[in-house]
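Here's the structure we're looking at; comments come further down.
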Amino acid sequence: MLSLWLGAYDQGLAYAGLALGTYLTLRVLNFPDLTVDGSFALGGGTAAMLISQGTPVPLALGLAILFGCLAGLVTGLIHTRLGVNDLFAGILTTTGLYSITLRLMGRSNIPLPETPAGIQALPDLGLGLDGRWAVGLTLAMLGLILLISLLMATDVGLALRALGDNPTMARANGINQRRGLTVGIAAANGLVALAGALVALYQGFADVTMGIGSLILGLGMVIIGESVLRPRSVPWALLAVALGAILFRTMIAIALQLGLEPVDLKLATALLLLVALAFGRLRIPGLSDHGRLEQ
Amino acid sequence: MNPMAPGLSAPGLSVEDLSWGHTLPGSGWRQLFRSFSLTCPRGQFLVLIGSNGSGKSTLLNLVAGTLPAASGRIHLGGRPLHRLRDHQRARWIGRVMQNPLEGTCPGLTVAENLRLAERRHRPAFLAGGALLGALGGLHPDGADRRRYRELLGDLGLPLADRLDEPVGQLSGGQRQTLSLVMATLGSPDLLLLDEHTAALDPRAEATVIELTNRLIRQLGTTALMVTHSLEQALGHGDRLVMLHDGRPIGDWSAAEREALDPPSLRAMYGAATVKEAPCTVHDGSPAP
């Protein structure tokens, strides 16, 4: 039973980057970004391809983040420079990314049988390999949350938050909306690609289809985290979102334990989110449309 | 009519040959401004009045850059604003919107809103090479807070004690007061006030209009204030311009405005606003 909880904890932390990226686009920038489905697989595929060819894991993770940022940059430019609708810009990029990821990987699935040396060097806390992963991922996520919290407290972070909060006012105060949105979307997709790479490393393989439904997963994690902690500041919100990722994976582990077929997982996740959207617990730009219905 | 107040001759705002039109739903194209020109010397407080659709707010939007002009030139202190986008013009322009909800970021604290406004005047905020420079330091920090507390305290505003509250928790009047303080931070070259007291109750309106006058006088900034209120138009500013259908139909200096007969101005404004409704005489029957 302990391995079930520990596995869910590890997976939740591996997925936390996805939740943080979703939080950054949806909650901070107020931008519904569907690129995450593509950038998650891109991150996993890039890391798997590089590691399988002998590239050191830190470098592979760095390049996965860079590629994710580039994917977000493309969506940002399509939206801000070409004036394409936000949802459609993300769909366009994600569609293109499928081919790019497949080209990068060379095949649809790459196995990663070996645990990274960096993880093996960590203390296992008497819990075996999952314990080592828990230590490594906890340290990595805490560092990441600290870094994002600091960045969000700078003038650039303040500008990004202002853009999501009130773009008219942000522009009236000298903030370049095009550049800000593009930078924010790129950074968010870098986080999502990192999550894809960590998940590939943890589960021991990358698959070109591993990104399908990532936005919904990320949303679920954000909702759960915000419902539990009800954060009132950015650092707390980031912690809440990471906690949401762990709780979400725990719920999935419990559901599987109770007999839910793995093939039904995405349907269950979609239904959970539908209930949240329908009852107004979740307000997402472009996805919740109560205002239009009320007219 | 002499629009130039005594002592005001330096270049301020200059709008030349401005053209702008828009599509009206169901009724085709409407050309609002045709070769519109307006000059406002530096330091002048100009009040714009006019009926709905006369082009007052549109003119402010064109000057601020939130609406692109079809043609024409806009200069501020000699700088060609018409070549810049709205966020670039913001370095020199402070703006207060009509709706208190629009002029501030409700999810950010009072101090964070003030920090944003304070950074407006730094060149290339979040642009190009300044990106890394903008990352330096965490803001608003202790020194920022002390500065904001002093600023708000000096203006006699109770917001000084609420720096860490989200702006969304403030009343409409408090938000508009904050918006005005933000717009005047760093002494902008031009202050645009778009019916900024229209959504306020009389008490908040009096507070905001008094603060507006005080800040404009203190800073000596050029200001364009749009209003629907004849009382405000007659009681404030160095110059009054009345717009109708994208054209100035009246232009008075403060001295000339003093000599205006309020009922005749009211009649002129009314005539420009709507076609007069049938008058009624005291017995209630319609006039012929």
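Cβ atoms here come from the backbone N, Cα and C positions, even for glycine.
Copied over from TrEMBL, here are the features:
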type     : residues  : note
TRANSMEM : A:12-29   : transmembrane segment
TRANSMEM : A:59-80   : transmembrane segment
TRANSMEM : A:87-106  : transmembrane segment
TRANSMEM : A:133-160 : transmembrane segment
TRANSMEM : A:181-202 : transmembrane segment
TRANSMEM : A:208-229 : transmembrane segment
TRANSMEM : A:236-259 : transmembrane segment
TRANSMEM : A:265-284 : transmembrane segment
**Request:** With pairs restricted to those 6 or more apart in sequence, evaluate whether the transmembrane segment (A:87-106) and the transmembrane segment (A:236-259) have 3+ C-beta pairs under 8 Å.
**Result:** no
**Request:** Decide whether the stretches the transmembrane segment (A:133-160) and the transmembrane segment (A:181-202) have at least 3 CB pairs under 8 angstroms, with pairs required to be 6 or more apart in sequence.
**Result:** yes
**Prompt:** With an 8 Å cut-off on Cβ pairs and a sequence gap of 6 or more, do the transmembrane segment (A:208-229) and the transmembrane segment (A:59-80) reach 3 or more such pairs?
**Reply:** no
**Complete:** Given A:59-80, A:181-202, A:236-259, the one sharing the most C-beta pairs under 8 Å with the transmembrane segment (A:12-29) is A:181-202
**Non-local residues, at least 6 beyond the ends, that sit with Cβ under 8 Å of the transmembrane segment (A:236-259)** = 4-5, 7-9, 11-13, 15-16, 18-20, 22-23, 27, 141, 145, 148-149, 217, 220-226, 228-230, 265, 268
**Prompt:** Where else in the chain does the transmembrane segment (A:59-80) make close Cβ contacts, counting only residues six or more beyond its ends and a cut-off under 8 Å?
**Reply:** 31, 33, 35, 38-39, 42-44, 46-47, 50-51, 86, 89-90, 92-93, 96-97, 177-179, 181-194, 196-198
